[in-house]
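Engineer: Before I ask anything, here is the structure I am working with.
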Amino acid sequence: MADLRLFTSESVTEGHPDKICDQISDSILDALLAVDEHSRVAVETLVTTGLVHVAGEVTTKGYVEIPALVRDTIVEIGYDSSDVSFDGTQCGVSVSIGAQSPDIAQGVDNALETRSERSQDDLDRQGAGDQGIMFGFATTETPQYMPLPIWLAHRLAERLAAVRKDGTLGYLRPDGKTQVTIGYEGYVPKSVQTVVLSTQHARDIPSQQLRADVIEQVIEPVMHAAGVETSHIRTLINPTGRFEIGGPKGDAGLTGRKIIVDTYGGASRHGGGAFSGKDPSKVDRSAAYALRWVAKNAVAAGLADRLEVQIAYAIGKAAPVGLYVETFGTAHVPDERIIHAIREVFDLRPAAIARDLDLLRPIYARTATYGHFGRELPDFTWERLDRVDDLRSAAGL
């Protein structure tokens, strides 16, 4: 046991202040895509005590009532009364939205390939919305090809929200966080060492009652469903002793501050660009989704047991300027063959990504909580295993 490498990931519930902001930003994005699929959207949200501020840049042919969307999202999360620290029906909402910069738009609408290289390929017309680096990752640790710590942390956070909403633990409130520490031998998870769970609750709930209820109704069901024995797990429930004040009253929140929660829990590197509130022309989002698709299919194809893929773009240029893989010593073919196979099987120009993953749809609000990756939902097209055979063939397997 002393030789185990301990690795930890965290998640948060939908009532966490930063996640409130992500959900508001993505709900606005969805509403705009529903009325104009070519909307250009970059929306940031800030929440604090009694106030929501929405700012950003939007270019669209449609119209949405942003204050109403904000309030509906907050109430749906569960903040509908001052008794739970925030009230979506009464809070102030301010909106500061401008148009996308024409300097950016000209590079997205008319990429370098068509302006300078005279390309006639329609997929070369759309340039990347910004420069930057993005990463995708997959591992054989779980059936979902996700790292086990973040996968369990998300499931605990989901369960925490579920028992609040269905009344099983009706005294819980929307804000909460989870954290899971796994003991590894190499890259193989061997045991769950520690679970930390903090949950907002109603006044005057005895800490021992909350602890017993959370272990019985949240931790044990999630761990048992994952085939994890719970008797040896160290559990820390509300370690401060009290968590009555939560949500924006306890901490200000901001879109894009949970980028490690949104991705792989720290098991993979991150390029720094957040997802929520951004339409698919922003490669921060669309390319990160595409690289999850790439990595998951490559691992499922047996090219490696653990794979990280990096891509880089230049603003206003369609084709990526860099592609790199890291296999952590787990590759079953040379890394050069993996890169060759990826280039042969996947078109990673922004327009091709949006086409192949069907991204010009209002599908993003659901991504804003409990992870953008690892949930095999119908609209999460980047989780499909539809290029496995092509990759095996391209890699010579």
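Cβ coordinates are placed from backbone N, Cα and C, and glycine is handled just like the others.
Keep in mind that this is a model prediction, so the values were computed, not measured.
Just lifted these from Swiss-Prot, have a look:
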- His16, Asp175, Gly176, Lys177, Arg242, Phe243, Asp251, Arg257, Lys258, Ala274, Lys278: ATP binding site (BINDING)
- Asp18: Mg(2+) binding site (BINDING)
- Glu44: K(+) binding site (BINDING)
- Glu57, Gln100, Asp251, Lys282: L-methionine binding site (BINDING)
- 100-110: region 'Flexible loop' (REGION)
Engineer: Average pLDDT across the region 'Flexible loop' (100-110)?
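Structural biologist: Summing pLDDT over the region 'Flexible loop' (100-110) and dividing by its length gives 79.
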Engineer: Here are the binding-site residues: Arg242, Lys258, Lys278, Lys282. Which has the lowest count of other Cβ atoms within 10 Å?
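Structural biologist: Lowest Cβ count within 10 Å among the binding-site residues (Arg242, Lys258, Lys278, Lys282) is Arg242.
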Engineer: Using only C-alpha positions, which one of Arg242, Asp251, Lys282 is spatially nearest Glu44 (K(+) binding site)? These are the binding-site residues in the record.
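Structural biologist: If we rank Arg242, Asp251, Lys282 by Cα distance to Glu44 (K(+) binding site), first place goes to Lys282.
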Engineer: Using DSSP reduced to three states, classify Glu44 (K(+) binding site) as helix, strand or coil.
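Structural biologist: The three-state answer is strand.
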Engineer: Using DSSP and three states only, what is Arg242 (ATP binding site)?
Structural biologist: coil
Engineer: Taking 10 A as the limit, how many CB atoms besides its own sit near the CB of Glu57 (L-methionine binding site)?
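Structural biologist: Glu57 (L-methionine binding site): 16 neighbouring Cβ atoms within 10 Å.
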Engineer: Given the binding-site residues Glu57, Gly176, Arg242, Asp251, Lys282, state which is nearest to the residue listed as 'Mg(2+) binding site' when distance is taken between Cα atoms.
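Structural biologist: When the Cα distances are compared, Asp251 comes out closest.
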Engineer: Find, for the listed binding-site residues Asp18, Glu44, Asp251, the residue with the lowest Cβ contact count at a 10 Å cut-off, counting only other Cβ atoms.
Structural biologist: Asp251
Engineer: If you measure from the C-alpha of Lys258 (ATP binding site), which of the binding-site residues Glu57, Gln100, Lys282 fall inside 10 Å?
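Structural biologist: Taking Glu57, Gln100, Lys282 one by one, none has a Cα falling within 10 Å of Lys258 (ATP binding site).
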Engineer: Let me know how many other Cβ atoms fall within 10 Å of the Cβ of Gly176 (ATP binding site).
Structural biologist: 28
Engineer: With every protein chain in view, what's the tally of Cβ atoms within 10 Å of the Cβ of His16 (ATP binding site), excluding that atom itself?
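Structural biologist: Other Cβ atoms found within 10 Å: 28.
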